[in-house]
Amino acid sequence: MVNRKWMYIFIQFLLVSSIRSDDDVFEDDEEEVTKGSDDKEEFVPSLFVAPKLSDKSTPNFFDYFPVGSKIGLTWIKSLAKKDDVDSDIAKYNGEWSIGAPTKVSIEGDLGLIVKTKARHHAIAAKLNTPFAFDANTFVVQYDIKFEEGQECGGGYLKLLSEGAEKDLANFQDKTAYTIMFGPDKCGATGKVHLIFRYKNPINGTISEYHANQPTTIGSTYWDDHNTHLFTLVVKPTGEYSVSVDGKSLYYGNMMSDVTPALTPPKQIFDETDLKPVDWDERENIEDESAVKPDDWDENEPQSVVDEAATKPYDWNEEENELIADPEAKKPQDWDEDMDGSWEAPLIDNPACKGLSGCGTWKAPTIKNPKYKGKWIRPKISNPAFKGKWTARLIDNPNYFEPKPFAGLAPITAVGIEMWTMSENILFDNILITSSEEDSSDVAKQTFYVKQKEEYRLAAATGNGNGFFQQIIDATNEKPWLWAVYILCVLLPLVAIGVFCFGKQSKPTPNFAKKSDAYSADDDRVPNLVDDDEEEIIGDEEDDVNQPGPSGSQSNPEPQDEEENAEQQSANSSQSSAAEEEDDEHVVPENEPVKPTEEFAKKSPKNTGGAKRRTARRGD
């Protein structure tokens, strides 16, 4: 019990400490808001510093959109049309520009911006050097900002296969790509695509393989209007990892964590194998020899009127069960030409309240004991049943044992091809390389600086997220955090409630016996009345002891000193005799306890103190 109490005290201490820390956070937030409102300074954007890679770095592509960048130089806008769609939406007529975001946090930091919504957009750029999937790790990284949020649309990159760089002006949805990577959202939740297009070396077909990923990523990346960093790393072993803002989102291996499986089955069903004409797959058939019984009447209804039923004695057939509401009034805007004749709504008839019913009484219906329904022949086992037919298995002529990078075509260009219902989507710092160190270095020089400045801008304009909002945003990315919050808040509260309001242990009475030996107070009557009743009983004792038939009090006659001395001596001798008699009746621990009744017969009766003992147990 002591350990439990200490545990509850410790939990309460942790909870109070957390609340105090939260209060400190909120106080700091309030101070910042107050300071911002009273002493608000104009936000001054920091100056953009161009990222620099080491001299040893040789990225395949890197564009941070420096000042002076224009559409048509590095990035070529598509002039193609989508196939198999209406002509009015077939064109890639979405507008692009290179510029600053609507809210500038870093002066001179530009990006590639989607300027229109509800249109098809396509734009592409040629890599400085092609990326061949051999022994090098593949890394693609970029940051994206949905300034207006995202209702429905993408924000992903397509790493175009070799040959696409020759005609970027005709880049479209059917242009071959090797990897597609990036965010996509339509509705309340989104996903971060990772799709590989892998070539079968046996038959030359190229198929899409989707990486397995979380089903509930949330909507924070699209709806918080902040910049987010997306990074993909694919290693020659087939291992891949997807991270957002430097934190792992999901990971796996091309050989085992894609859908469909990259390795084809060794055996397949023979498509030329056809089911024989006489193959019977019916396990049970109707018994043709069965005959409907003569007493089977299909015309009998399922229920019939209960002829034994009688009308209840309090059934009132003169009253209707429902009547027009007498308090209802026709609406003032009621037009009988348009709405028809107005009728008051029906309500329960108050005259029928408490009765079995009103209106015309009808006998209830019961199940018809003669009902059998439609007769059907029973089922019997099919003697010609051969089982479920399946085509025979043959060796898969297109089977191969894949190697992670063997079926990935070289990448020569990067493109953005998407439909979106939102505008002002900004792409920036697009990097394709074989060096994870380069991607980390670029992120430190670009994204993390931008993230810090965006937070500073939000705080200066009063748009920063509070403590609770950050908690909720975290659950969008990781819904399982709700369980953690409940465990951290609800369980301590329950523990504190049990500790504070749980069942209390009963106090040990101060008159409890410490041994089984008989004691002189075993025959005393327990306290059965409260203090107020004790006072009343005490007063009654005083009244009984008062002399005089009338109950009036008179002053006692004075006694001389000799009489007082004799009285005191007599009282002393009586007290000594009583104590000796009590000692005689005390049972030693090694002797059996005498019955209470026997002891009571031998004990002297004290009639004057009976009421007093009844009033208080311990006296």
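Placed from the backbone N, Cα and C atoms, the Cβ positions cover glycine too.
Not measured: the values here are computed from a predicted model.
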Among Tyr177, Tyr198, indicate the single residue that Swiss-Prot lists for the alpha-D-glucoside site containing Tyr156, Lys158, Asp184, Glu417.
Tyr177
When the repeat '1-3' (306-318) is classified with DSSP, how many of its residues are helical, how many are strand and how many are coil?
0 helix, 1 strand, 12 coil
Let me spell it out: take the repeat '1-3' (306-318), skip the flanking residues so only those 6+ beyond its ends count, and list any with a Cβ under 8 Å from a Cβ in it.
351-352, 355-361, 363-366
For the alpha-D-glucoside site (Tyr156, Lys158, Tyr177, Asp184, Glu417), what does the 8 A shell look like? I mean other same-chain residues with CB within 8 A of the CB centroid.
Gly154, Leu157, Met180, Phe181, Gly182, His193, Gly415, Ile416, Met418
For the binding-site residues listed here (Tyr156, Tyr177), tell me which residue's CB has the most neighbouring CB atoms inside 10 Å.
Tyr177
Name the residues of the same chain, 6+ apart in sequence, whose Cβ is under 8 Å from the Cβ of Asn203 (N-linked glycosylation site)?
Asn398
Would you mind ranking the binding-site residues Asp184, Glu417 by how many other Cβ atoms sit within 10 Å of each Cβ and giving me the lowest?
Asp184
Count the residues of the repeat '2-4' (387-397) that DSSP assigns to helix (H, G, I), to strand (E, B) and to coil, and report the three numbers in that order.
0 helix, 3 strand, 8 coil
Widest Cα span across the alpha-D-glucoside binders Tyr156, Lys158, Tyr177, Asp184, Glu417, in Å?
17
